Every structure is written in structure tokens, then in C-alpha cells.
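Undergrad: This is the feature table in Swiss-Prot:
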type	residues	note
BINDING	G118, T119, K120, G121, K122, S123, T124	ATP binding site
Amino acid sequence: MLLDEIKNLNFLIMGLGLNGGGVALSRFLLKRGAKLVITDLKSETELALSIDALRDFEDQIRYVLGKHDVNDFKNADIVVKNPGVKPNNKYLKFAKRIETDISLFLMFNKNPIVAVTGTKGKSTLVSLLYQALKEKYPGVKLGGNIGVSPLSFFDQLDGKSPLILELSSWQLQSLENFNPIISIITNVYNDHQNYYLNFDDYIIDKSKIFVNQTSGIVIIQDQAYCKYFSKFKSKVRVILFSEFNPCDFDQDIFYCNEGKVYFNDSLIGSFSNSRAVFIIPKVITFFVSYYLNIDLNRTGQILSNFKGIEHRLEFVKSVQNVMFYNDTASTIPESTVLSVKSLKTKDNRINLIVGGTDKELDFLSFSKIADIVRTWILIRGSATVKIIKILEKSSIQYFLFDSLRDAVNYAFKISSPGDIVLFSPASASFELFNNEFDRGLQFKNLVNNLG
């Protein structure tokens, strides 16, 4: 499909959403004269912010909200689905053609792509890569699963500067001929098992980041490669990385040891030590800078000065010398475990707020932090039921609350000066919040109103 052909087509957007992706997609199509229907199971009230953002085009849009109409799917030339909609959705069987905002973007994009996926650490890594690459490529752009649709900056692309895309497994699922110049898999944990039939399907979707790549390099965590990805054929050079101790595998590999970065056992540079949760994104950024011949001294400075990004082990404020951290992006147990370990103190002064919606995961990894967390503060939810079973099995006391407000107030009440209150849910957010970002913002508002 050519850009000029958009104006002759009927598009149906399935899932406007609240995070900006549906709005950017709609604007991209409407500016090019598309005939557009937007359908979403959410109501007009729930979608008010997104609808208001499209107010300039209201005469060109027909909305079907609170339901889907089969006839809209039958009549559309192209259905553009939200990545979170499962491919076996009953309405999609009536579609003539199915795309996503990412697949549409890739049809028209001419910029080289650095693509990042993984269960956790994606957003931190792409944020670091953006800062590092900006030193050499002023026209670099950042988009994808980080909350910025690449369609929103399509008209600003120069056709030559690198484009950094963060991609979830859901976004990769529909990409059959994806061909970045650098593809990166940060790590793989059991996740989204409420979406996938099994873990193998999750791995297959993750592998789509590199299986059709024809130039450049693939960067994969050594353990993930050994366990899951070595069975997939790669047409390009595979380079592994290790956080600490390289796995014994016959591949090129880079790793970090006390802030020093080694490639095939040769020192290539260093950066200041940091929290465990940031080590993997930092060492990957350092190696990508090395590969692209970016000034490593400058990259080292960027990494050393990096304080993190919103919602990912984000320091909110100190209230009466009690330190509050927002880690709402930790939606799986392993991520919460890493965050707790990153904040570990000598006298274990972490009060952990955890719990939420189940994603068909287990919480056995919580045994690794049982001796680090001083107080377990739980918010009701389907995942919380599983957490309670783990804690009770180990005879660990916990405190259960119906709301985030009550949990925060209790955490503050029991904390002494020097304590840490960490909000790291290890679960999805859908029972009490619009999404994980809404959850994080509510936590920060509650903290800012303390004291």
C-alpha cells in the first residue's frame, strides 16, 4: 500500500484506548483523507480524553462505543486492531485485512530501526539508547510500547537517522517481515499467560524481532538465548550479553563486572556502578554505542548520570525521612524481586506494597526477598490471593487493604525515619485502575498529600 492510497480506503480502528496510540493512528489516517470508524468496548465517558484529542476531525469520524458491530468489520477495507486484542477475537474473522499501528508504520518507514523487546527493562533501555544515540544522530526518534506511537512523528522522519522502537510481544505478533538493523532481547520471564495459550507462543512472538533480520546484529541475554532462542535461525550475527557471569556458549558475548564492560573478555570501557535494576539496560547501551562508534566517554557519562524513568523504581519524595518509590511498571514477580534487591539496606527497612490483577503467574520467586522485606502490605485483587498463599505457607505476616489509599496510609503510619516504602505490585492493574500508569500516578498523588 502507498501513502496516497489511504484516502481511498475505509479503515476501522478496533480499540481507541487511553494511552495515545489510537489517537496518533487516527490522526495519521485522517490527515491523509481516510474514511474512519472507531470502535471500542469502553464508553464515551471512559474515552473522553482520547475523543477530545480528535475533536478537530469529529466530522470525519463515526464512533461505535460500548460495543462492536459485525457489519463495521465486514465493510472495512482494513481493520487496525489494538495490539492487546487477541488474534482469535470473534470480530476479526470478518475482517478483510488486519493491521496494527506498528505494521502500518513499517509499510511507509525508511529510517533504520533499533528494535528492543523483552519481558522487563525495555522502556529503561530505549530511554538510555535514545540519550546515547542522540550524541551522534540528532534526528533519532523514540517510539512504540513506551507510549509514543511512531505514527505521531512520521512526518518528522528524515529517512536516515536511527529510530528506536520498543516492542511488546503483542506488537511483534503481527510483524511477518520485520527487518531492523539492531534487534535486542533484554530478558525473558513468564508473563502474559492470561493472553497466550502457552509459554512457547510467547517465545515465538518475541523471536519475530530478529528471525527476518538481514543485516546488522542481534543482541540477546545469554540465558534466554540458551534456553529459548538458539533454536531459531538467525541470518545475522548474534551477540550475547550477561549481567555478571557469562553462560558457557560458543558465541560473541559482552558483560559487566563492577562497572567495567568487556566484549569477548577485552575491556571496552566502564561506567559508574548503579542499582541492579539498571545494570542490564546500561551495559547494553554501552555496547550499542561501541558497535555504532559513538563516543564511549560521553556514553559513560550519560549512564553514570541516569536516574531512571517514570514509574520504574522512581523516587517520589521523602516524607518525614521516609522514602517512597513508585515501581508500578513491575507487573511480574521477578521484576518486583529485582526492585527490592536494588533498594536493599543493611537492616532490611523496606515496607512493600504489592498485589493486583492476576496474569496466570506464580509468585514462588518472592521467597528470594522474604528476609529483605520488613512489612508486606497487600492490595486486594486476584493475584493477591496467590501472594497470600505464598506468604502464609512461610508463616509471613501481611496486612491486607481494599484500596491503594489505605495501603499507603498504613505504610506511612508504620514507617520510621530511614525506612523505604516501595510500591511494586508484581501484578496487572485492571481491577482498580485504568492501567499501570494510572496506578502509578494515583500512588504519587497519595504520597504527595502525606505529611
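Cβ coordinates are placed from backbone N, Cα and C, and glycine is handled just like the others.
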Undergrad: When you measure from the Cβ of S123 (ATP binding site), which residues in the chain that are at least 6 apart have a Cβ under 8 Å away?
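TA: Spatial neighbours, sequence-distant, of S123 (ATP binding site): N145, I146, E166, I309, R312, A329.
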Undergrad: Inside 8 A of the center formed by the CB atoms of G118, T119, K120, G121, K122, S123, T124, which other residues of the chain have their CB, for the recorded ATP site?
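TA: Output for this site, in sequence order: V116, L125, T186, N187, P281.
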Undergrad: Could you check the binding-site residues G118, G121 and say which one's CB has the most other CB atoms within 10 Å?
TA: G118
Undergrad: Does anything in the same chain, at least 6 positions from K120 (ATP binding site), have a Cβ under 8 Å from its Cβ, and if so what?
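TA: Residues satisfying the criterion: T186, N187, Y189, S330, I332, E334, S335, L338.
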Undergrad: Tally every other Cβ atom lying within 10 Å of the Cβ atom of T119 (ATP binding site).
TA: 22
Undergrad: By the count of other Cβ atoms within 10 Å, pick out the sparsest of the binding-site residues K122, T124.
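TA: Ranked by other Cβ atoms within 10 Å, the binding-site residues K122, T124 bottom out at K122.
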Undergrad: Tell me the coarse DSSP state (helix, strand, coil) of K122 (ATP binding site).
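TA: DSSP assigns K122 (ATP binding site) to helix.
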